[in-house]
Amino acid sequence: MRTPIIAGNWKLNMNPEQAVAFATAVKDKLPQASKVESLICAPAVDLDALQKAAQDSDLQIGAENAYFENEGAFTGETSPKVLKEMGINYCIIGHSERRDYFHETDEDINKKAKALFANNITPILCCGESLEKREANQQEEWVVGQIKAALNGLTADQVSSLVIAYEPIWAIGTGKTATSDQAEEMCKTIRDTVRDLYDNETAENVRIQYGGSVNPANVKELMAKPNIDGGLVGGASLKSDSYLDLVNYQD
Ligand SMILES: O=C(CO)COP(=O)(O)O
């Protein structure tokens with residue numbers, strides 16, 4: 001059985017003071033982690049304060065990005081080794097904003113996945129097609145290509161513990177959610193790709209989130225789909241009330 005995982009991606013929002021206020025407001029109202037994992041992926045500058053504020057609660061804290069080297073002359077980067085030392089267990093990689101604005105390649109993302117696993121941090125691997133690719137009906141080919149490149153050289157055990165987030169770019173921050181059928185179709189394609197590359201057990205273990213304008217009004221319908229195991233949520237994760245509605249979608 002896959003445990004659902006609802007993750008906020010705060011992007012470049014929230015300062016440490018706001019982050020602590022958020023954690024304080026939600027930490028006693030979360031579902032049990034064995035039923036639904038509640039995660040917030042926050043800017044690196046907030047992680048220390050957030051981690052302390054969330055201590056001894058079911059709120060898990062993740063990073064939004066990390067470099068593929070642990071240390072050295074890499075000005076401005078975040079070390080996966082230090083994230084682990086801070087108690088961080090999840091990190092987003094390959095978000096479309098990183099691919100588009102910071103020119104991250106499939107090869108970079110593959111290196112980041114390996115570096116995170118080497119530090120015992122679970123990657124949340126993002127993939128997803130542009131509107132142009134969707135309109136040309138090339139979304140499946142595109143996403144399968146991203147997945148194959150990102151997983152290159154990873155073991156079945158690693159992929160079993162991985163989280164993949166399918167985020168169609170045209171649905172991010174636009175208020176235009178993919179229909180639950182469109183989201184399910186691609187999440188199933190991703191699972192089938194993992195089955196082809198590895199085996200049935202690995203495919204049944206990997207958790208696949210949908211992301212793109214997820215909100216308290218549509219989360220239940222998305223989560224009811226057999227191949228959707230969670231959400232990666234931007235805007236609707238910034239307010240504590242709305243985040244609580246998302247993680248408590250089963251109530
Ligand atoms: O990019 C996203 C999460 O990673 C989705 O953002 P929104 O939920 O704001 O559409």
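Glycine is no exception: its Cβ is also placed from the backbone N, Cα and C atoms.
All annotation found in TrEMBL is predicted automatically rather than curated by experts.
Computed from a predicted structure; not experimentally measured.
The substrate binding site annotation in TrEMBL covers Asn9, Trp10, Lys11, Gly173, Ser213, Gly234, Gly235. Counting Cβ atoms from all protein chains shown, Asn9 (substrate binding site) has 27 others lying within 10 Å of its own Cβ.
Marked as active site, electrophile by TrEMBL: His95. In the three-state DSSP scheme, His95 (active site, electrophile) is classed as coil.
Of all the Cβ atoms in the protein chains shown, 28 others lie within 10 Å of the Cβ of Glu167 (active site, proton acceptor). Residues or ranges marked as active site, proton acceptor by TrEMBL: Glu167.
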Going through the binding-site residues Asn9, Trp10, Lys11, Ser213, Gly235 in sequence order, which have a CB under 6 Å from an atom of ligand 1?
Asn9, Ser213, Gly235
Calculate the distance in Å between the alpha carbons (Cα) of Gly173 (substrate binding site) and His95 (active site, electrophile), and round it to a whole number.
13
